[in-house]
Amino acid sequence: MSEQTKICCLGAGYVGGPTMAMIAHQCPDIDVHVVDLNPKRIAAWNSEELPVYEPGLYDVVKQARGRNLKFTTDVPGAIREANMCFISVNTPTKTFGIGAGRAANLEFVEKCARTIAEYSDSDKVVVEKSTLPVRTAESVQRILNSSSSGVKFSVLSNPEFLAEGTAVDDLLNPDRILIGGDNDVAIEKLADVYKHWVPDERIIRTNLWSSELSKLTANAFLAQRVSSINAISALCEATGADVDEVAGAIGTDSRIGPRFLKASVGFGGSCFQKDILNLVYLCEHFGLPEVAQYWEQVIVMNDYQKRRFSTRIVKKMFNTVSDKKIAIWGFAFKKDTNDTRESAAIYVCRDLLEERARITIYDPQVSLEQIRQDLEYLMAGPGGVLTEAQRELLYNNVTVTSSAKAAADGAHAIAVMTEWDEFSDQDFDSIYQSMMKPAFVFDGRNVLDAQQLSDAGFEIESIGKS
Ligand code: UDX
Ligand code: ADP
């Protein structure tokens, strides 16, 4: 009989936490220990207020926690007990040195590999869960093999395709599970974990590099769709077409399909930009400049879309927003998450602050501390130091409120940055009364009823509609 699987996952973030919770939930016979270097994060996973806001996640965690799911800072202990280690740590874009602004920073992944090698006293399957550049598995394997303990490691790539905000459902009903590797025994051991709830025909086995590249390619294709419809949104605004109508019409073509055609202020999130930059770096590295330039345009278009939105706000408000109050509805990069990484809201707020606007932000899940940190980071730029003028702007011109209505009180304009459901469900007559006139609404997500708002007296500007 084969040995019972015992899992250790290094990294309790947006990917590691939910994924391991679902594995533990669906596989009561498998012990799952999730470790992190950050004791605050582990304490939050052990509390009633999880560090990751994700609909339905708390129920999943609650059912498995204390049974076969454990969150701990005991990294050596969890590694020793496990025969399968997942690496699920952050791989941000490098901000320094070779490949800065493009390549992924693999420092955390490499440290994980070294930690696994250091504390392992029995053979292990090591699973890459983090999104990684192609051929990272090779480096991880080499680091593990360089350990002198005689322990054997088999490295697999098993990229995660969950989207934030729908993670529980994505994990429960995945379109596919992808496992890349060259050791069939290890591949089947991991497949057996997923087979507890995923039909075998949805488990795809490939070689290591195909698996790693598939993850980057999937995200590049999805981001490309968003940039494509956003490019068309600019043309719609210029010509009088309606981007939602265009998206609806082309989405009925079964070869195109309806999803990921929602025009917006620009995509965000921890993956799209990072993965495309990774792809671009890879293509350049392998001497394929045309391919690199092709994919880079997806990001160029996204930057254009974010900038276009803030420029439109300034232009419509009589070419100045200086000392005007602008309510920012939503700061997360999409609804149903507290994640703000690469959120378009950060860029638009930066632009408005540079124009000396006063901004009042409301997001149902993002804290003041996070908002400050994101704005500080972007405004300080590569040097990492804020000028005195920037610091003043950040502290004098940014406030955070506890409701959408409060943010709009006395404002000259509302800018919708995240498509939270509650934003379309407001008392717009009373909001209109409380605002300065003309009262502008800039709907960066096309979630508000433009006719209703216009009837209430607002001047409404939507994406891709003139
Ligand atoms: C993405 C991938 O979908 C997921 O498979 C991968 O594992 C991680 O990256 P995520 O970033 O969590 O997931 O969210 P996603 O739903 O893909 O949205 C990304 C960004 O694109 C968001 O800012 C979203 O608002 C934006 N978007 C998405 C649009 O603007 N329009 C759309 O039609 C779809
Ligand atoms: P992702 O979206 O990929 O899950 P996050 O930043 O949300 O990224 O989570 C990554 C987590 O990995 C963080 O909580 C971080 O503290 C943790 N981490 C980074 N390096 C290590 C390491 N060597 N061992 C354990 N945890 C780590």
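The backbone N, Cα and C atoms fix where each Cβ goes, glycine too.
Annotated features, as they stand in TrEMBL:
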- 11-16, Asp36, Arg41, 89-93, 130-131, Glu164, 271-274, Arg341: NAD(+) binding site (BINDING)
- 160-164, 215-219, Arg255, 262-268, 333-334, Arg445: substrate binding site (BINDING)
- Cys271: active site, nucleophile (ACT_SITE)
- 327-450: domain 'UDP-glucose/GDP-mannose dehydrogenase C-terminal' (DOMAIN)
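Structure coloured by features recorded in TrEMBL.
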residue	record	Cβ within 10 Å
Asn90	NAD(+) binding site	19
Thr93	NAD(+) binding site	19
Glu160	substrate binding site	23
Ala163	substrate binding site	15
Glu164	NAD(+) binding site	24
Leu216	substrate binding site	23
Asn219	substrate binding site	22
Gly266	substrate binding site	29
Cys271	active site, nucleophile	27
Gln273	NAD(+) binding site	21
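Each residue in the domain 'UDP-glucose/GDP-mannose dehydrogenase C-terminal' (327-450) gets a DSSP state, and the totals come to 50 helix, 19 strand, 55 coil. The 6 Å Cβ screen around ligand 1 retains Ala163, Cys271 from the recorded positions Tyr14, Thr93, Ala163, Leu216, Cys271, Gln273, ordered by sequence position. Mean pLDDT of the predicted structure over the domain 'UDP-glucose/GDP-mannose dehydrogenase C-terminal' (327-450): 96.
Only Leu216, of the binding-site residues Tyr14, Glu160, Leu216, Ala263, have a C-alpha within 10 angstroms of the C-alpha of the residue listed as 'active site, nucleophile'. Among the binding-site residues Gly11, Tyr14, Asn219, Ala263, Gln273, Phe333, residues whose Cβ is positioned under 6 Å from ligand 2 are identified as Gly11, Tyr14. You'll find the Cα of Phe333 (substrate binding site) roughly 12 Å from the Cα of Gln273 (NAD(+) binding site). Sequence-distant contacts (6 or more apart, same chain, Cβ under 8 Å) of Asp36 (NAD(+) binding site) comprise Leu10, Gly11, Ala12, Gly13, Gly16, Ile42, Phe71, Thr73.
The shortest Cα-Cα distance between Thr93 (NAD(+) binding site) and any of the binding-site residues Glu160, Ala163, Leu216, Ala263, Gly266 is the one to Leu216. Within the same chain, residues at least six positions away from Ala263 (substrate binding site) with a Cβ under 8 Å of its Cβ are Ile229, Asn230, Ile232, Ser233, Val243, Asp244, Ala247, Asn446, Ile463, Gly464.
Taken residue by residue with DSSP, Asn219 (substrate binding site) is part of a helix. In the three-state DSSP classification, Gln273 (NAD(+) binding site) falls within a helix. The Cβ of Tyr14 (NAD(+) binding site) has 25 other Cβ atoms within 10 Å, all protein chains considered.
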